[in-house]
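These come from TrEMBL:
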| type | residues | note |
| --- | --- | --- |
| DOMAIN | 8-188 | domain 'Thiamine phosphate synthase/TenI' |
| BINDING | GLN38, LEU39, ARG40, GLU41, LYS42, ASP70, SER109, LYS138 | 4-amino-2-methyl-5-(diphosphooxymethyl)pyrimidine binding site |
| BINDING | ASP71, ASP90 | Mg(2+) binding site |
Amino acid sequence: MKKFDLSLYLVTDRHCLRGRDFYEAVEEALRAGVTLLQLREKDMGLEELVAEGRKVRKLCRKYQVPFLVDDNVEAARILEADGVHLGQEDDAIEKARSVLGPEAIIGISAHNLEEALKAQASGADYLGVGALYPTGSKKDASLLAPGMLEKIVQAVKIPVVGIGGIHEAQLDQVLDQGAAGCAMISAILGAEDIGAAVERMKARIRAREK
């Protein structure tokens, strides 16, 4: 499962749904064309996360979109997820790889050049770099230094996805710095019309590829 498209990367958060049903919102985003989904529900224990993950995984399989779990290798193993997204803990990649196997997609968060190079050397498949803008999903997230995203993109050989506070208006600004895509929460799940928002952004990404 090493072929993946980071261009329109959905990160879940059931707290920004405007009262909508979580699974219906996720399916609407998948149907409209998000290219990868990360299950990120920080306030859930393992049992609850796995129960939710089974339903989300089923939706991802239906639309043939890779399904990743945030920061929980055990949940990813139980769910037979396509991969996992991890922080900067020592040996995180090696441990995840030993549990999930060689074909698992392993993404790592990086906040500076040193962390990015370390993650690449350890075998990460992609980097999540940010926070690029102020974000409500991670109150303590420090903003990336100006120009750092582009510097990291130029320094590594693996794809980089921009993360943190990215909304539709900033899509081109992030991609102009060489990112392979944008990871988004509220720009998708908090949109007034989820399907329309995804379709608009997807069209802009496709137009750039021509």
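Along the chain as shown, the residues are counted starting at 1.
In case you wondered, yes, glycine gets a Cβ from its N, Cα and C as well.
Curation plays no part in TrEMBL annotations; they are all automatic predictions.
What you see is a predicted model, and the numbers here were worked out from it, not measured in a lab.
For the recorded site, ARG40 (4-amino-2-methyl-5-(diphosphooxymethyl)pyrimidine binding site), the DSSP three-state label reads coil. Within 10 Å of the C-beta atom of GLN38 (4-amino-2-methyl-5-(diphosphooxymethyl)pyrimidine binding site) sit 25 other C-beta atoms, taking all shown protein chains into account. The Cβ neighbour count for ASP90 (Mg(2+) binding site), using a 10 Å radius over every protein chain in view, is 9.
Of all the binding-site residues listed here (LEU39, ARG40, ASP70, ASP71), it is ASP71 whose C-beta has the fewest other C-beta atoms within 10 angstroms. If you take every residue in the domain 'Thiamine phosphate synthase/TenI' (8-188) and average the pLDDT, you get 96. Secondary structure at SER109 (4-amino-2-methyl-5-(diphosphooxymethyl)pyrimidine binding site), as computed by DSSP, is strand. Cα to Cα, ASP70 (4-amino-2-methyl-5-(diphosphooxymethyl)pyrimidine binding site) and ASP90 (Mg(2+) binding site) are separated by 17 Å. In the structure as shown, the Cβ atom of SER109 (4-amino-2-methyl-5-(diphosphooxymethyl)pyrimidine binding site) sits within 10 Å of 22 other Cβ atoms.
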